[in-house]
Amino acid sequence: MTRTGLTDTIAAIATAPGSAGVGIVRISGENAHTIADQMFRAGRKPSRTPAGRFLFGQMTDAADDMIDEGLCLVFHAPHSYTAEDVIEFQTHGSPAVLSRVLARALELGARPARPGEFTLRAYTSGRLDLVQAEAVLELVNAGTETARRQGTLGLSGALGEQVGHISTLVTRTLAAIQAMLDYPEEGVPDEDRAQPLAQAEARLRHLLDTARAGQAATRGAKLALIGKPNAGKSSLLNALLGYERSIVTATPGTTRDYLEAALELAGVPVTLVDTAGIRDTADTIEAAGVKQAVHLAGNADLVLVLEDGSQAREALPVELPEGASIIRVQTKADLPAAWTDLRAIRVSAVTGDGLPELRAAIEHTLLGDVTRGEAWLTTERQADAARRALTHVQAAQSLPDDLAGYELEEALRALAELTGRDVQEDVVDAVFSNFCVGK
Ligand SMILES: Nc1nc2c(c(=O)[nH]1)N(C=O)[C@@H](CNc1ccc(C(=O)N[C@@H](CCC(=O)O)C(=O)O)cc1)CN2
Ligand SMILES: Nc1nc2c(ncn2[C@@H]2O[C@H](COP(=O)(O)OP(=O)(O)OP(=O)(O)O)[C@@H](O)[C@H]2O)c(=O)[nH]1
Ligand SMILES: [Mg+2]
C-alpha cells in the first residue's frame, strides 16, 4: 500500500478515558521495539523478547525515573493486531500514568495515532477486510447482545464468505457469457447463465433483508400505536411493557400527548410510542394530539393499527402513510367479537391472549426471514454496495450477452467494494473516521 505515513510509528492510549484497574498504551510501527527498549526496564530488552511473551518491569522517563510498574507485551511483525511490530504497556489505569507513558513514547519518536489507525493498519496489511474492520467497530460500540453477536460474526469472516459465494456465481456466469461470445457456434446452455444469476439474485435479496434487520438491531426501531379513542392503545402498550406506563381510562380521548417507552424485542431495541386516539374533534388540545399521532405514524418503522374488536368497525378519518409497515390488531379479544378480519391479530390486554402472536409478528416485520445465527450486513456502506450489486445482476438477466457481461463486471466491482477489496480511499477514510483513538 502506498498510503502515506503507514510505516511510521504510532502510539495511543487504548483503554477508555478515566481511572481503571489497568490501562494500556499501544505502540505500532517500525520503531515500536526500539522505543520500548529505551523506556522499559526489565530482565531483558523488549526487542529481544520472543513473540507471545511479556515482560514485567518499569516504564521510565527521560531521566530514567520510574513512571509506573507494569507489563510490556511484545508482538513481532507480522504477528500482531496491526501486522507491524507492536508493543503494549499495561499500566496501573490512571489518566496520570497513561498520559506520562504515552508522552514518553511520543518523545522517543512515535506520533499520536489517528482515530481507528491501528485497525486501519490491520486492514491495509490485509489482515482484516473492510467488513471485519467494521465488525471491530461494532464490537467496540456493542450496546446489545445482538450487536455483539453480529460483531463476532462479521469478524469471523462469515459475511465475507457469503459475498464470496455470490461473486463466484456471477463470475461463473460471466465466464459462460464470454465463452459464448468467443465461440458462438458452441452455444452456452441457458441454464449456465440463468441459474447462477437467479441464485445470486436470491442471495443478494436475502443479504439486503439482513441489512434491514441489522439496522433495526443497531439503531433500534420505532413502533407507533395508532387507532381511534378507546381502541385500547395505552392498554396494549402497558401489556407489552409488563408495567403500567400509560394512563388507561374508559373515557375516550384519555391519551392526549404522545408517550414513549423502551422495550427489547428479539434483540432489537424498540421504542413504543403511545399516541392520542384519532378522531375529528373540536377540542384544540386533542386536535393537536391527533395531528401529532398521524405524524408519528409517518415516522415510525412499524405502525400497529388498533381497532376495538368488540365494537362495529369504522374507518379511521385519516390516511395512513403509504409504504409503511403495518400490523393490524383487533383489540379486546376477551369480549365477543363484533367483526372478523383474518389479517388482524386478535389480542386482549386484559388476559394477555394473542400477545405472543403479536410479538412474533412484530419480530418478523422487523427482522424478516433473517435468522439470528447468520451474518448480517450491518452498515449503510455495506447495504449500498449490495444494493448496487443487485441492480446489476437484475439488469444482466434481461440483456443480450455483450451488455449483460458489462453489468456483471459492475456487479463484481460492487461486491469487491462490499468486502473492501476494491474501494475508494475516501470510503475507507469514512469507515475509520468513526473509530476512537487507540483502536
Ligand atoms: N491487550 C489487548 N487485548 C486485545 C486486543 C489488543 O490489541 N490488545 N485486541 C485488538 O484490538 C483484540 C484482540 N485482537 C487481536 C487480534 C490479533 C492479534 C495478534 O497478535 N495476531 C497475530 C498473532 C496471533 C497468534 O499469536 O496466534 C497474528 O494474527 O498473526 C492480537 C489481538 C481484543 N483484545
Ligand atoms: N375488556 C377489555 N377492555 C379493554 C382492553 N383493552 C382496553 N380496554 C378498555 O378500553 C378502554 C380504553 O382503553 P385505553 O387503553 O385507554 O384506550 P386508548 O386507545 O389508549 O384510548 P385513548 O387514549 O382515549 O385514545 C378502557 O376502559 C380499558 O380498560 C381489553 O383487552 N379488554
Ligand atoms: Mg390512550
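For all residues, glycine too, the Cβ spot is worked out from N, Cα and C.
Any TrEMBL annotation is an automated prediction that lacks curation.
According to TrEMBL:
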{"type": "BINDING", "residues": "Arg26, Glu88, Arg127, Lys439", "note": "(6S)-5-formyl-5,6,7,8-tetrahydrofolate binding site"}
{"type": "DOMAIN", "residues": "220-367", "note": "domain 'TrmE-type G'"}
{"type": "BINDING", "residues": "230-235, 249-255, 274-277", "note": "GTP binding site"}
{"type": "BINDING", "residues": "Ser234, Thr255", "note": "Mg(2+) binding site"}
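Arg26 ((6S)-5-formyl-5,6,7,8-tetrahydrofolate binding site) falls within a strand when secondary structure is assigned with DSSP. Following the DSSP three-state reduction, the secondary structure of Glu88 ((6S)-5-formyl-5,6,7,8-tetrahydrofolate binding site) is strand.
Look at Ala276 (GTP binding site): DSSP puts it in coil.
Checking the binding-site residues Arg127, Lys233, Ser234, Thr255, Ala276, Lys439 for a CB within less than 6 Å of any atom of ligand 3 leaves Lys233, Ser234, Thr255, listed in sequence order. Under the DSSP three-state reduction, Pro252 (GTP binding site) is assigned to coil, being neither helix nor strand. For Ala276 (GTP binding site), the same-chain residues lying six or more positions away in sequence with a CB closer than 8 A to its CB are Pro229, Gly253, Thr255, Arg256, Asp257, Tyr258, Glu286, Gly289, Val290, Gln292, Ala293. A straight line from the CA of Arg127 ((6S)-5-formyl-5,6,7,8-tetrahydrofolate binding site) to the CA of Lys233 (GTP binding site) spans 52 Å. By a simple count of nearby Cβ atoms, those within 10 Å, the most crowded of the binding-site residues Arg26, Lys233, Lys439 is Lys233. In terms of Cα distance, the binding-site residues that sit within 10 Å of Thr249 (GTP binding site) are Ser234, chosen from Arg26, Glu88, Ser234, Lys439.
Taking the domain 'TrmE-type G' (220-367) as a whole, pLDDT averages 94 in the prediction.
Taking the Cβ of Pro252 (GTP binding site) as reference, residues of its chain lying under 8 Å away and at least six apart in sequence are, in sequence order, Lys228, Pro229, Asn230, Gly277, Arg279. Ligand 2 lies within reach of Asn230, Ser234, Pro252 from the binding-site residues Glu88, Asn230, Ser234, Pro252, judged by a C-beta closer than 6 angstroms to any of its atoms.
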